Amino acid sequence: MNDENRFNVSAVEGESKKNGIHMGANIITRPLRSSVENVERGVAPNSQSEGWHHESGWKRRRSLAQLTREALPRMENYRNSKRALKRPSLGELHGDHLITEEDEKDQNHRDTKSPTPAVGIKLGWIQGVFIPCLLNIWGVMLFLRLSWVVSQAGIGLSLVIIAISAIVCVITTLSMSAICTNGEVKGGGIYYIISRSLGPEFGASVGIIFAFANAVAASMNTIGFCDSLNDLLRSNGLKITEDPINDVRIVGTVALLVMCIICAIGMDWESKAQNFLIAIIVGAMVDFVVGTIMGPKDNSEIAKGFVGLSSATFVENFKSDFRFSEKLDQNFFSVFAIFFPSVTGIQAGANISGDLKDPASAIPKGTLLALLISMVSYTLMVLFAGGGALRDASGNITDLLIVNGTVTDYSSVSLCALNNTCEYGLHNSYSVMQLMSAWGPFIYGGCWAATLSTALTNLLSVPRLIQALGVDRIYPGLIFFSKPYGRHGEPYRGYVLTFFVSLLFLLIADLNTIAPLISNFYLASYALINFCTFHRALVRPLGWRPTFRYYNMWLSLAGFLMCVAIMLLVHWVMSLVTFAIFFTLYLIVHYRRPDVNWGSSTQAQMYKTALSSAHALARTGEHVKNYWPQLLVLAGRPQARPALVDLGNLISKAGSLMIVGDISQEKLSYKVRSARARSDDEWLRGRKVRAFCSRVHGFSFEPGARALVQGSGVGRLAPNVLLMGYKSDWTTCPANDLVSYFNVLHTAFENRLAVAIVRVSGGLDYSAVVSEGAEEGAAGSLTATSSSGELRVRRDGLIMHADSDLDIRDTQPKHNLSNLLTLTTSRSFTISECKEKDKKKKERKPNDMHRQIVYNTASGLELSKFQLAQMSLFQKKQESGTLDVWWLYDDGGLTILLPYIISQRSAWANCKLRIFALANRLHEMELEERNMANLLAKFRIDYSSLTMVQDITDPPQPETKALFDETIKKFTEESASPDCRISDMELQTLAVKTNRQLRLRELLLANSKDARLVVMSLPMPRKGSISAPLYMAWLEMMSRDLPPMLFVRGNHTSVLTFYS
């Protein structure tokens, strides 16, 4: 197929073609919607719903939009804009209820946080990329330092310097073009490219460095303009002050201010100025080439070193001649550092990408062409300067050998180099090009045009880069400077900031001091651009489809390494400073964690790494040395049982998997599920809990828990421990609920999961605080009031829901109720800690500190300080105490491992482990204790004491037995539900075990009543041998009136080993 006709669609021939649509032979007309559907779409029920209408005796067909809810593929459906069209959601097409709200994923996908400023002048590739790149490349070095580079490095190494610079720039341009053509590029230039490719940390860091480099480059070019202007004035006997440096500062400040005003006026004025400046520069370069070909016009020019093109001069100047110059012993890399800023204009088009009509096409085309032309021009000027001028010249005509008015020997004019008294020549004068030109004043105009045009381009790009950073809210300090003004959205505040930054470096008034500084900054930026392309091409996310094909992944990597190597070779100290600045800015953004999602390649790499790691982990055999408890926490919504989630986090913190299971008996719409997911994830992040939430809906507790147990996780990343709360209402709940709870334990054991049950005083369930209105992004409100009128916290408009999505920082005064932990009253009295006050505080007047503060929810539930403290029981710092472990039965070691993990956390570091174990033979007590101590030593578990329990078989006290009988009385009656009835036969059969549990209660009360946490082996509920109420009665007796209790039963595979 001919490529030219590749995208042309031929018309369909035939008589059955109407209105450009090929019609079949048979047309069936039928109603396309029911009356209900018509009403939903705003069509009257009695309106005609046929596919054809008769009007004025002719047929017309209804449009497709009237026949279907479906949306056709349109560009507007994919735009990241609030004004973009929105295709029908899946819920609308499927017929779900509650579909009026856009999916959160789609809202995040739309770039609402990075709005583009008001639309201004849009430029094509010539005006927007080609000319700005040429002007930026043809900068201060073109007329003021290129001849000096030739004098130091010689023609040969000068061409090498140009070649290395060209290679770096070409590779970077190819990399930049690949990124720019992988979708639409908005305003922000280099920052936008890198941030959307590698993420906000890299993009913002390089963006700040690049903006700073451009601001300093503007001052550097302004200094070049001032130097040239002052040389012209002084050559004519004019001066502003006695000090040339002050002249540079005065003229530079005025010039900088005028250029900022020109840029702030708008793109159209700046574009008109560029066209004028580019014409002057090209004319000055032609003037230099013509003058060099013509040769010296008089003997004074020969005496000043301009001898005309000759092979002898070319050969003499071909080799290098590095000397002490500019307060430094020059070498190849120091000269390279001075020259490199003259080729750093390749980003000029990308910097104003938001002002381009078609950035994806304009940036590659304009940049590469500008780079080609500028490198050719630099090469020609090096060849002409090196082939037509001497390195040293005295300027004295008397040093010339003149015969019959013709100079026959000019070698003597260079003898001044022996005593360093030469004032002219490539080494000593920056005005060589003016000397070699056909008309000298034109070179001054070209120099001014080159310097001012580059400064204009830099000054134009910096405010827009700052604006992009501010709009994205990466660095809060830049938000103030990003405000757009006028119909073109000009960042006037950014121009003011740019002016003062450039002015600060303008006051240095030394071009050669500034050039190496910005060379490192530009090289760092180019290195990141190349790394962006390499990383994206390496990861190859599905979204990586650049239309620019002339790039190579390994070439981009080579460009990255080359930039870093050149940075270190040019000035290693400044390179380290640049790296330090970059990583500081990187860490600031990383610490702030901006809420952005730009689909960067680091995210794609994260996904690929996680996937490959999960596959590799699945192929790796399990080993006891690598065991970690991976928890499935049946907490419902995490806000409802914060203490249970905190305990799970205490065990799995930053080391293993934790999944919070949420079971809902109602069938929830997608909208409600999404709102719950957002609310739960935000709550977990706010509480600094690393966990995943897994939700099932439309199931009762037992089948929902079974689904979570069997379906949670992937590969080896699957739960191996089920953590759940103790059912404190087991004596009053419906029989089905009690049986379901008990059956979940059997389900866990059937799937070979370990089980852990936690009980705390007052219970774990605070779901009454969390209302069911999660789809509105809010839960039951929690407010604090005081019994004293003076210390009131509740105010109108400050009722905050427990899991509200509202940003509390936007309310005044600031009450952080999002995690239900912290509340500060008007007297700065913090309730979150709930610690005991010392004696001095207790002695204060009751009116001062002993007010009773009560927390009220929307449902009227009151929470005391004690209840609030219980909600944060496993989160707050524990005072000195003990962590008692009753390791009664060998379950593989999990019962001893979990408390050891807890004791290693900083919040529980003050709690010492006390181990309680059962003795098998009373007459061998000492031997049993020695064996247990030896086992613990081999496991390398530190403990403060070891107690062997020897009277476990003693009968319980009568009052203990009476308490047990009272507990199970309801379930032994004839009227009890058959599923929850404890028969006399069961009591008799399990009498020995029951007495053992009752005896354990007495031992626990005697030894562990003051412990911070008690961890105990969970009795094994043998399937078919024990009923749910009797088993719960065992747990009730062993945990009532005791500190927080954690029952643990491992899956009887070893989780500890004493082998290395």
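For all residues, glycine too, the Cβ spot is worked out from N, Cα and C.
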Exercise. Any idea which of 643-663, 706-726, 1000-1020 is down as transmembrane segment in Swiss-Prot?
Worked result: 643-663
Problem set entry | Site from Asn351, Asn396 that Swiss-Prot describes as N-linked glycosylation site, others unannotated there | Asn396
Exercise. Among Asn396, Asn419, all listed as glycosylation sites, which has the most CB atoms within 10 Å of its CB?
Worked result: Asn396
Problem set entry | Selected stretch (most C-beta pairs under 8 A with the transmembrane segment (154-174)) from 276-296, 432-452, 563-583 | 563-583
Exercise. In the same chain, which residue numbers or ranges, 6 or more beyond the ends of the transmembrane segment (276-296), come under 8 angstroms Cβ to Cβ?
Worked result: 131, 134-135, 138, 142-143, 302, 306-309, 377, 380-381, 384-385, 388, 433, 436-439, 442-443, 445-450, 452-453, 456
Exercise. Okay, the transmembrane segment (563-583) and the transmembrane segment (123-143): do they have at least three CB pairs under 8 Å, pairs separated by 6 or more?
Worked result: no
For this session: Find the member of 198-218, 332-352, 432-452, 563-583, 882-902 that has more C-beta pairs under 8 Å to the transmembrane segment (498-518) than any other listed stretch.
Result: 198-218
Exercise. Taking pairs 6 or more apart in sequence, does the count of Cβ pairs under 8 Å between the transmembrane segment (332-352) and the transmembrane segment (563-583) hit 3 or more?
Worked result: yes
Seminar exercise, completed: Same-chain residues at least 6 beyond the ends of the transmembrane segment (198-218) with CB under 8 Å of its CB atoms are 139, 188-192, 256, 259, 341, 344, 347, 351, 454-455, 458-459, 461-462, 465-466, 468-469, 472, 474-475, 498, 501-502, 505, 514, 517-518, 521-522, 524-525, 528, 531-532, 535, 578, 581-583, 585-586, 589-590, 594, 596, 598, 600-603
Seminar exercise, completed: Tertiary contacts of the topological domain 'Cytoplasmic' (175-197), defined by C-beta under 8 angstroms and 6+ residue spacing from its ends, are 114, 116-117, 203-204, 206-207, 210-211, 346-347, 350-356, 359-361, 363-364, 367-368, 461, 464-465, 467-469, 472, 474, 525, 528-530, 532-537, 543-548, 550-551, 556, 559, 598-601
Seminar exercise, completed: Helix, strand and coil residue totals from DSSP for the topological domain 'Cytoplasmic' (584-642) stand at 31 helix, 4 strand, 24 coil
For this session: Could you pull out which residues elsewhere in the chain have a CB under 8 Å from any CB of the transmembrane segment (882-902), counting only those six or more residues past its ends?
Result: 629, 650-651, 721, 754, 756, 908, 911-918, 936, 939, 941, 944, 1000, 1004, 1007-1008, 1010-1017, 1020, 1046, 1048-1056
Exercise. Along the topological domain 'Cytoplasmic' (175-197), what average pLDDT does this model show?
Worked result: 79
Exercise. According to DSSP, how is the topological domain 'Cytoplasmic' (353-367) divided among helix, strand and coil residues?
Worked result: 12 helix, 1 strand, 2 coil
